[in-house]
Amino acid sequence: MEFLRIRCQGARRTVATLNFLLILAVTISPRRIAGTPLPALGTEATPTTPAAASEDTPAENTTALRDFEVEGKWEIPDVSTYDALVERFSNGSEFLNYTAIVRWDNTCRKYVDYYYDTADLELTDNMNSLRHRTRYQASPPAFSNSWLDVKLANWVSDWDLIQYKGSPSRVGAIWGREEVGSRESEPDQPTSTAVISACDMSYDAIRVMKREHPRLDCAELRPSLKVDDYRLRIGLEDENNTKLFEVSLDRYILTDYLFNSWPFGAMEVEIEIAEDITEQSVRSLGAIAAALEEEFPGLRRSTYSKGGLFLPEGEGAMAGLMCGADGWPCSGDYTCVARGQRCDGSDDCSDGSDERQCPSATSATEDS
């Protein structure tokens, strides 16, 4: 019986998918926040600043700045909605003011992610993640992302990446959190297990993890989750053929090692911004998110990360990134109101989200 049938070649073929939890995600890729450089990591050597990282060329070991990841996530209720989303971003299609251009010769790449944690979930309980990612391409290209095709394909690794992710914050469907990562010079050499268990401090991700969890024994880290992800990539270009965003159409299988659960399949879409993260670029992501939710009203905003973290809405970096120091984001439509209007007893956001999770009168009295 076929467990997974996905497509690697856009919307050319009709596909059937069985027994899936489907998720849609819109992502701004990890970038330096323009105008607000993040602090250099504490190293003895003078840090250097490399070129901006991307999925094709991740940051090298010389990375000296924390990057920031912003993404939106929605659960997709059925396969027909997934197929409609694949068609929506087919080659040459228009979305808002952008034109979709399919990359990688309309074939897919494979990503294998291992998330690491201790037996008592020290990282997860602190809303942090440590993962090792390897990217592969099929040679020759896999005809589709069907379970049979991807199993029979000969996957050749491109690069490895070890990442540490900080505590996230969320506005509506849009998540944001700091992350740091560095690429190995040769895939699988040394293996991620050796790097992580030895606490190899030459890797930025390990160094930051130990700084934030100084008592953590790296020898106790073990794989907690595995994600096998098959990705189709599309660029979103403006009228001048400038690529402003990149779309990733993903289907993946998640295996939970800690709780020995059955593997299950899921789907997500990520959209990465091609430039530095600014208030304007994050607001643009909000416009994209609002347009997607209007066009696909059955989408359900996800409160869980792929790495298994649950995140309620609340105060955090995303509010400032989206609306600046003087604004507050409305989670319903991703617009902004004045920060002073939050918790003033009047609904200023159309969905009333500016009056949610307000400090109680008792707490305010105790703090005064």
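Each Cβ is built from the backbone N, Cα and C atoms, and glycine gets one as well.
Just so you know, TrEMBL annotations are computer predictions that nobody has curated.
What TrEMBL lists as compositional bias 'Polar residues' is 359-368. Residues or ranges marked as disulfide bond by TrEMBL: CYS343-CYS358. According to TrEMBL, the region 'Disordered' annotation covers 38-60, 345-368. Residues or ranges marked as signal peptide by TrEMBL: 1-35.
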Query raised in the report: If you draw a 10 Å sphere on the Cβ of CYS343 (disulfide bond), how many other Cβ atoms land inside?
Result: 15
Query raised in the report: Cβ distance under 8 Å to CYS358 (disulfide bond), same chain, sequence separation 6 or more: which residues?
Result: ARG342, CYS343
